[in-house]
Amino acid sequence: MTEQSDLFPAPAPKGSALVATKIKALREQLNRWAHEYYVQDTPSVPDAEYDRAFQQLQALEGAYPDLVTPDSPTQRVLGAVLDGLTPVRHRVPMLSIRTETDTEASGAQAFDARVRRELKLPPDAPPVEYVAEPKFDGLAMSLRYEGGRLVQAATRGDGEVGEDVTHNVRTIRQIPLSLPAGVPPVLEVRGEVYMRRADFDALNERQREKGDKTFVNPRNAAAGAVRQLDSGITAQRPLSFFAYGLGEVTPAAEGGPDFGTHFGMLQQLKEWGFPVAAQVQIAQGASELIAFHQRVGAERDALPYDIDGVVYKVNSLALQRQLGFVTREPRWAVAHKYPAQEMVTRVEGIDVQVGRTGKLTPVARLAPVFVGGVTVTNATLHNLFELRRKKVRVGDQVIVRRAGDVIPEVVGVVPAGAGLAVLAGSDALVDAASSADGTAPAQPLAGPRQPYVPNFRMPRQCPICGSAVVREPGEVNHRCSGGLFCPAQRKQAVLHFAQRRAMDIEGLGEKLVDQLVDGHVIRTLPDLYRLGLSSLAQLDRMAEKSAQNVLDALDKSKRTTLARFLFGLGIRHVGEATAKDLARHFGQLDAIMDAGVEQLLQVNDVGPVVAEAIHTFFAQPHNREVVEQLRACGVTWDESEPAAAATLPLAGMTVVLTGTLPTLGRDAAKDLLESAGAKVAGSVSKKTHYVVAGADAGSKLAKAQELGIPVLDEDGLHALLRGTPPNAGGA
């Protein structure tokens, strides 16, 4: 379903309730953006906007650790497994590395200071020894060798589960298919698949000669090649590989290596036949990290491959183990990026895009400009207030930045008389007094703006459906009020409803939804369950067998859970976690639909804004009609008594999961605990009742022991779920 324009007439809550509401909103927004980026390949915001929201969420959760939940984007590695490739569960998770947002020298100093603080080093202690490496702009890969032979290659995926791409990786000549004698019985090598710039240029030249579509940049070309279902296509793409770490390895006691340092491990990888970047070096303390960052930055354009920063890692593996992890990322490593590349171009127009939630986003239509390996023709302006703050008008010369070297945004207008110019023969921004290298003349930017150019105004009617455009009090975003009546929202509402975490309708992807909505085959969610074989089979690229598969998936999705159904409706501010809380508290959909704001406020983690959103949503007759039609189409779930949640065996308990359990995955353990009424938290505090710890538990286990909180192993968890007093302390 969609959200309505009048969902939030109530004033914002204050104090901790306001913080909880803000955290919940940030999580839901970040999850939507991540789904658009990693699964749909249709990002709606620049990387910089995502990073800002992510950092804001990190800051809030750091200040309010009791509000951290396991399903927060900060507690997991982002990504997704693509359909068509076999899922592979990583035995050792492929964690991401924290990105230092400060691109100056102080970024390296801040990391070094954090490490020294975590290690409790006195000011006069010797410098910490690090390994400094380039940060490759490619696709993370895990190579598993058993008995010295490559048996599996898998992408990062979401960090826990990746994609099996062994058939494609075998075509990469830099990756050895077998290793020399003396390697461990089990060896997982982690690294990056990438494409050299010269190979990328040659590939695009061949594409042009054949009349085929060219690739945007080396990273996209490499990622697309690795994810091919046909390895013959991959073999025609010139891919390369750099190794930079290890996953699962046979323990030293069983014949595995006994490395003392990260640098020593890299040297051993080289001896085993894996390519390691020539720039890798040992650095003593922050000063040498800064020097490395500056040197590699100066060499960046001359390197044969793309990088978007450098990586620092504590060299001592013993210190790495001492520092541990912060669930999502290691404390002993950081990625230190370079300032985003910036160019100058002209604003030729300002268009408006309408998103799934009905948000209207002004987008600058630009004179084409080449920024960071991509020709940019559009850049987001975020919202009307941001546009006015930057004072952007049609005809202006603007600075365009590829935030994170991936997605473009307008930084601001180049003011007249600012002493800036563009380098002749390019759009590179330089000082007007000289050229970039002292040889090419620099042309001053255009003069003052013409006085008759009007300010941009947000349209009063939606450019897609003509419905009224509204802006809620206290919000910066304008929204279309059309809901499901707006085709722009209709498509994304259907995709949201069909996604894996909601109704899980396999095969109902973006291209099929485009045809169904554009062809007026469906107008509302219940129309999905009224589809027939003939209406589907006549669509483009939809043979009878494919159509039947979609119908089977739709039929299968009818049997769901109340939480999934609620999440799938797309009620604003109701994410996956809130939907579960509502289902557990009320037990029945009718009870939720008829609940007043005060009743909704009794639900765990539901504040005034969310309560008002839910109440207003179900107060709309057309929303209730859609729900009733879905039930009439056969969508069903098990319901329980409204008070059942209070009688659950673990009701009121807070449990923290850490480490790797022998047989249960984290999601499975979380589901078991939540179904028993427990709250699964992401951090340990005095309010924690139990900590369930597996292998490599890290700092959470240490904190639990420090606070005297009972620690359970997997057997203890099962005992707790059975209602048997567990034998704490076994982990």
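Even glycines carry a Cβ here, placed using N, Cα and C.
Taken straight from Swiss-Prot:
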type	residues	note
BINDING	D47, A48, E49, Y50, D51, S96, I97, E133, R156, E192, K313, K337	NAD(+) binding site
ACT_SITE	K135	active site, N6-AMP-lysine intermediate
BINDING	C462, C465, C480, C486	Zn(2+) binding site
DOMAIN	645-731	domain 'BRCT'
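Features recorded in Swiss-Prot, as mapped to the structure shown.
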residue	record	Cβ contacts under 8 Å, 6 or more apart
I97	NAD(+) binding site	V311, E329, P330, A333, V334, A335
K135	active site, N6-AMP-lysine intermediate	I307, D308, G309, V310, V311, A335, H336, K337
K313	NAD(+) binding site	Y130, V131, E133, H262, Q320, W332, A333
C462	Zn(2+) binding site	V354, G358, L360, A468, V469, C480, S481, G482, C486, A488
Inter-residue Cα distance where the pair is C465 (Zn(2+) binding site) and D51 (NAD(+) binding site), in Å: 32
Binding-site residues compared (E49, D51) - the one with the fewest other Cβ atoms within 10 Å: D51
R156 (NAD(+) binding site) - helix vs strand vs coil (DSSP): coil
Cα separation, R156 (NAD(+) binding site) to C465 (Zn(2+) binding site) (Å, whole number): 40
Entry from the binding-site residues list C465, C480, C486 having the most other CB atoms no farther than 10 A: C480
Segment confidence, the domain 'BRCT' (645-731), expressed as mean pLDDT: 82
Secondary-structure category, per DSSP, in which D51 (NAD(+) binding site) falls: helix
Secondary-structure category, per DSSP, in which K135 (active site, N6-AMP-lysine intermediate) falls: strand
Secondary structure tally of the domain 'BRCT' (645-731) (DSSP, helix then strand then coil): 31 helix, 16 strand, 40 coil
